[in-house]
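One structure is given here, and the rest of the page talks about it.
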Amino acid sequence: MLKRGCFECCIKCLGGVPYASLVATILCFSGVALFCGCGHVALTGTVSILEQHFSTTASDHALLSEVIQLMQYVIYGIASFFFLYGIILLAEGFYTTSAVKELHGEFKTTACGRCISGMFVFLTYVLGVAWLGVFGFSAVPVFMFYNIWSTCEVIRSFQTNMTVPGDQICVDIRQYGIIPWNAVPGKACGPILENICNTNEFYMSYHLFIVACAGAGATVIALIHFLMILSSNWAYLKDASKMQAYQDIKAKEEQELQDIQSRSKEQLNSYT
């Protein structure tokens, strides 16, 4: 009997776990961790590449360095916020699952609970739209690094075929608007550009930006998943509140009917 009781208790506990919210939380944590961790390191490597090869004067990239430093602080805030927000949404999933499964018990959903669920739906929608913008923005450095890498591949192919001198093939970072046009040297050509592509900083930054972009995409998927879950939970809570109101009215009518019947019996007994 003891083993059976423990087994039934475990089954009951597992049945109350909001698996959809749990999967969305894990995906959200993974996506945010990849975006914040890889993005932070990649931004540091990008500044190092610019300082060493494209903008040797500190004043030329001072504004860019400040912006990147600010973005790194924003990354810290994003990581902290989504860690707390993911836990809150997971707790809301547990609450809603309990509300639905224990609808016919003593558990009662409240107007405050339904209001909080509706607020989470709106907030998750806003965050999802914002992360779509983050996902698009994170693709920009991937595009820039891909252009540099593909140019280096062209230089290698031309050196192999000996058709065009590699010195005529250049990458000008100033055209992307991240450093001013008077920055020196501002561009890299031929063997110099190829050496830049062969550095560990370029290799790591390029691949870390790709992973950060993938993390942003995973976060968008997680927020969409959360939005579907929250909308469904809010609908369940709304139906549960209507069912509770119906049951309360039904119980009140049955009690009134029993009172009327008991009074009628008392009157009949008094007459007899």
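Including glycine, each Cβ sits where the backbone N, Cα and C put it.
Over in TrEMBL, the protein carries these features:
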type: COILED; residues: 243-270; note: coiled coil
type: TRANSMEM; residues: 21-43; note: transmembrane segment
type: TRANSMEM; residues: 73-95; note: transmembrane segment
type: TRANSMEM; residues: 116-140; note: transmembrane segment
type: TRANSMEM; residues: 208-230; note: transmembrane segment
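Tertiary neighbourhood of the transmembrane segment (208-230): same-chain residues 18, 20-21, 23-25, 27-28, 30-36, 38-39, 41-42, 45, 82, 89, 92-93, 117, 120-121, 124-125, 127-128, 131-132, 134-135, 138-139, 141-142, 145, selected by CB-CB distance under 8 Å and a gap of 6+ residues from either end.
Using a Cβ-Cβ cut-off under 8 Å and counting only residues 6 or more beyond its ends in the same chain, the transmembrane segment (73-95) has close neighbours at 16-18, 20-22, 24-25, 28-29, 32-33, 35-36, 39-40, 113, 116-117, 120, 124, 127, 219, 226, 229-230, 233.
Taking the coiled coil (243-270) as a whole, pLDDT averages 67 in the prediction.
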